[in-house]
Amino acid sequence: MSRLEAKKPSLCKSEPLTTERVRTTLSVFKRIVTSCYGPSGRLKQLHNGFGGYVCTTSQSSALLSHLLVTHPILKILTTSIQNHVSSFSDCGLFTAILCCNLIENVQRLDLTPTTVIRLNKHLLSLCISYLKSETCGCRIPVDFGSTQILLCFVRSVLTSKPACMLTRKETEHVSALILRAFLLTIPENAEGHIILGKSLIVPLKGQRVIDSTVLPGILIEMSEVQLMRLLPIKKSTALKVALFCTTLSGDISDTGEGTVVVSYGVSLENAALDQLLNLGRQLISDHVDLVLCQKVIHPSLKQFLNMHRIIAIDRIGVTLMEPLTKMTGTQPIGSLGSISPNSYGSVKDVCTAKFGSKHFFHLIPNEATICSLLLCNRNDTAWDELKLTCQTALHVLQLTLKEPWALLGGGCTETHLAAYIRHKTHNDPESILKDDECTQTELQLIAEAFCSALESVVGSLEHDGGEILTDMKYGHLWSVQADSPCVANWPDLLSQCGCGLYNSQEELNWSFLRSTRRPFVPQTCLPHEAVGSASNLTLDCLTAKLSGLQVAVETANLILDLSYVIEDKN
């Protein structure tokens, strides 16, 4: 069939960052992500023009998945951030804001993209080396033998998501539950390479947050009538389990384009049922106590198994198959033929449970590396946001188990890092440039743009007109409320720095963020007594933050290096 209209030529635009449309698009995107940042970030409601589901969030994962992006440059930016978030769960907004700030700041400089990219790479390498070094002044070790730092981690994630709508008491309760759920996934007698279990989040919407709880094992939601039909099992030893990933309904499988030849007088339904009953007889002879099926079990097979005191539960769904396999040690059975003895697994016990208006069949494991977090919240919107936040917190703990270090949060790492870069580029530029073709003047310009981008991320934490200061000893962030007097004694207005490590009773000098000041050496090597005495720190995941920093700089470099954008308009 011929085309109804002629094919349009592709649009080719050179120097895309110089166009007003691109700058406006990036500016709008920056304002969106900046306004969401931090504990007092503003919420966003996203929905399509045809109505339907409305997403209320301030999290980057939900925000970017619901945000329709059409411009190629913005697609590069959002895709990079989404890839980072899918791998690390945390620091998505940090990455987005830093990337936008870097692009915006260097555009004001009269430097070639090649020079900017080369120096950005040098500064990124300097940041990563410092944050991984023993002398880093914003990195603390994480002791998994103590719950204090771990609770700080979880609490920091929860308090940064205002759409969860948690009170302080609820935050403490959910933090403790998340930590307990994570610890339950760690094998007790693990040596060498550790394989973590899994935490399943079970929804209980419309309930009080304080009613949330954690149980070892897996909860299978069922109706009250179904639970009443299940026979109780009284056994002193473990219960033998068979897990089926194929249908046990007796339906004839789809033959595709093939032909099924059936002899005269043979009933396919009866033949299929006979095969199912033969399978049931093998399960009985193998002393199976519990049959779980991903799909449907034929009513006759169910009744047959129940007569022999075997519990049969169907319609488990694909989501629970992997956790059930891990917890029970079964190999999912995919055929109706003879079953290998190695396919069976076991559970310690089973029982019924009721939470709110929901009824569950509770599988209790032999070893608790699979657990269920029953998560409650007042409404669907708050629950959806809390679920995402809990998943992020659990992932952050997993990342920290691999690399047991934390960065000071609340903006203190960014201001400390900016102070360190300024000092390093002013006092030891040769160590950064080495044999590079760039000059010290170019380094100073890019370093200031880089530090300003970091400080702009920190500035995004303030949404209510307050001021942000940094001290001249540690390089930490300090917040002043909007209604504070213009001329005041700073120690009277400042209580703690952003991360909560230092208080204003020390003899410190402060200056406004982004004000002109002489570069200084921020104190490195955190004293252990300072970290040990702090009980309510705000912390960031080192692994996620380093990745976010790297993704932001590399994505900014990629966008700055674009010479042409070619769009197919057909």
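Any Cβ shown, glycine's included, is placed from N, Cα and C.
What Swiss-Prot records for this protein:
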type	residues	note
BINDING	Gly192, His193, Ile194, Ile195, Leu196, Gly197, Lys198, Ser199	ATP binding site
REGION	198-370	region 'Substrate-binding apical domain'
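Projection of Swiss-Prot feature records onto the structure.
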residue	record	contacts (Cβ under 8 Å, 6+ apart)
His193	ATP binding site	none
Ile194	ATP binding site	Ile186, Pro187, Leu401
Ile195	ATP binding site	Pro187
Leu196	ATP binding site	Thr185, Ile186, Pro187, Thr369, Gln398, Leu401
Gly197	ATP binding site	Leu184, Thr185, Ile186, Pro187, Lys326, Met327, Ala368, Thr369, Ile370, Cys371
Lys198	ATP binding site	Thr185, Glu322, Pro323, Lys326, Thr369, Ile370, Cys371
Ser199	ATP binding site	Ala181, Phe182, Leu184, Thr185, Ile370, Cys371, Ser372, Leu373, Leu394
Grab the pLDDT values for the region 'Substrate-binding apical domain' (198-370) and give me their mean, rounded.
89
